[in-house]
Structure formats: structure tokens, C-alpha cells
Amino acid sequence: MLPTTAVSSRSQGNGALSPRDAARHTAGAKRYKYLRRLFHFRQMDFEFALWQMLYLFTSPQRVYRNFHYRKQTKDQWARDDPAFLVLLSIWLCVSTVGFGFVLDMGFFETIKLLLWVVFIDCVGVGLLIATLMWFISNKYLVKQQNRDYDVEWGYAFDVHLNAFYPLLVILHFIQLFFINYVIISDSVIGYFVGNTLWLIAIGYYIYVTFLGYSALPFLKNTAILLYPFALLIMLYLISLACGWNFTKMLCSFYKYRVK
């Protein structure tokens with residue numbers, strides 16, 4: 001799951017990778033190693049994964065500085081430890097069950113909602129976004145003088161997971177405490193609080209995504225990834241002027257899904 005295909009320092013005299021090193025540096029080999037560790041919980045560093053989750057809220061730059069350190073020590077930008085993915089999955093399951101409880105869903109309705117959120121909202125949409133960002137970054141953001149480097153799809157998905165975590169906590173956890181008593185009420189304060197949480201959550205997603213790609217030294221003009229902020233703020237102001245309640249719409253959509 002490396003974001004680059006740079007030539008390793010372990011090379012033959014002509015500058016090419018030895019067959020053994022080349023096999024170890026292929027995307028398939030890295031993916032196999034990552035998935036193999038997914039079934040060995042004792043090999044996962046959950047304490048470090050929790051540290052990353054904390055700093056994705058308070059100082060996401062520190063998380064990506066650690067990515068630089070991993071590149072220097074392991075010749076790998078993306079995580080080689082699936083502990084973050086495991087904890088994210090637990091967060092997703094717990095928060096979705098909480099959503100089902102708040103919306104007064106039955107047991108089977110909650111399970112159906114959980115499957116929808118995991119496989120469609122998180123995995124399905126994540127695959128789509130990662131593929132789109134992978135294409136855009138390789139097509140338009142790679143520096144001409146560094147054509148030997150490219151952003152691999154696995155790293156793009158890793159960046160998506162980093163950005164998705166704050167959004168998940170804000171919309172699927174913090175928001176739960178305000179839904180029934182504040183947000184879904186037919187008052188101005190209701191849609192103001194709800195839509196503001198959406199603004200913060202999506203804003204976090206955009207910013208953390210920008211940090212992920214700006215951390216790669218062979219990319220240029222990564223500031224364009226911040227441009228959606230303008231559209232986000234415009235949509236937020238329009239929603240307040242028109243009285244749109246995004247959370248109320250989401251709750252109605254969730255209930256429609258599980259019918």
C-alpha cells in the first residue's frame with residue numbers, strides 16, 4: 001500500500017531492484033502482508049492507533065509527520081498496521097447502533113442500517129472517492145520532474161480513512177446527543193446546530209484530505225484540494241437561509257433505508 005513506486009536503495013549495480021526486493025515491494029506483496037496482520041491482533045499497535053485518532057482531531061499535521069517518519073524508516077508512507085482500520089470499524093458499528101437507538105429502530109432494522117452504513121456509506125463511497133482522488137492526483141498533481149513517482153490507490157484509500165474518522169465521530173456520535181431534543185425540532189436553533197455540525201465534519205474531511213496529499217513531496221498545487229471549502233460554506237449559508245435541516249433529512253433517509 002505504498003503511495004510511490006520509487007526505486008529502493010537496495011538495488012543492483014545497474015540501478016534496478018533485485019528480483020527479491022522487487023517482489024517484496026510490489027503492491028500485491030504489501031497488500032498480502034497488511035491483510036495477514038489483520039488476523040493477528042497481538043501484532044497490532046492499538047495504543048498508537050488511538051494516538052493517531054486523537055491527533056486527527058487536535059493536530060492532524062502530527063499524524064502525517066509520522067507518515068514521513070515511516071517512509072524514512074520502513075520505506076513506506078501508508079500504514080503497515082491495520083489497528084487503525086480495526087478501531088475505525090468498531091467506532092462505526094457502535095455509533096450506528098447508537099443511531100438506531102436514537103431513531104427508535106428495532107433490532108433487525110438496526111442491523112440492516114449497520115450493513116448499509118458499513119458497506120455502502122463507508123466502504124463503497126470510500127472506494128469511489130479514493131479512486132477519484134487517485135486519478136486526479138496522478139493525472140494533474142504529480143510534478144513533471146518526478147514522473148518516476150506516483151500515488152498508489154492504497155494510499156488514497158488510507159487518506160480517505162484518516163479524513164472519514166473525524167466526520168464519523170462528529171455526525172455519528174457527538175450529534176446523537178442533540179438529535180431528539182434540539183436538531184430535529186422545527187426551530188431555527190435546530191437546523192442551525194445540525195447544519196453547523198455538518199459544516200465542521202465535512203470541513204474536517206476536506207482539510208485532512210488536503211494534508212494527506214500535501215505530505216507527498218512529489219505532488220504540486222495540492223492547495224486546490226481546499227477549494228471545496230468555498231462551495232461548502234456557500235451551501236451552509238443557503239441551507240440556513242432556506243431552513244434546510246440536513247440531519248433531519250439524514251434521519252428520514254436512514255428510516256427509509258431499513259423499511
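Note: Cβ is positioned from N, Cα and C throughout, glycine not excepted.
Curation plays no part in TrEMBL annotations; they are all automatic predictions.
Quick look at what TrEMBL lists:
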type     : residues : note
COMPBIAS : 1-15     : compositional bias 'Polar residues'
REGION   : 1-22     : region 'Disordered'
TRANSMEM : 83-102   : transmembrane segment
TRANSMEM : 114-136  : transmembrane segment
TRANSMEM : 163-184  : transmembrane segment
TRANSMEM : 196-219  : transmembrane segment
TRANSMEM : 225-247  : transmembrane segment
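Counting Cβ pairs closer than 8 Å to the transmembrane segment (114-136), the top stretch among 83-102, 163-184, 196-219, 225-247 is 83-102.
Residues of the same chain lying 6 or more positions beyond the ends of the transmembrane segment (83-102) and with a Cβ under 8 Å from any Cβ of it are 38, 41, 44-46, 48-50, 52-53, 109-110, 113-114, 117-118, 122, 161, 164-165, 168-169, 172-173, 176, 179-180, 254.
Residues 175, 179, 183-184, 188, 190-192, 194-199, 202-203, 206-207, 209-210, 213-214 of the same chain sit 6 or more residues outside the transmembrane segment (225-247) yet have a Cβ under 8 Å from a Cβ within it.
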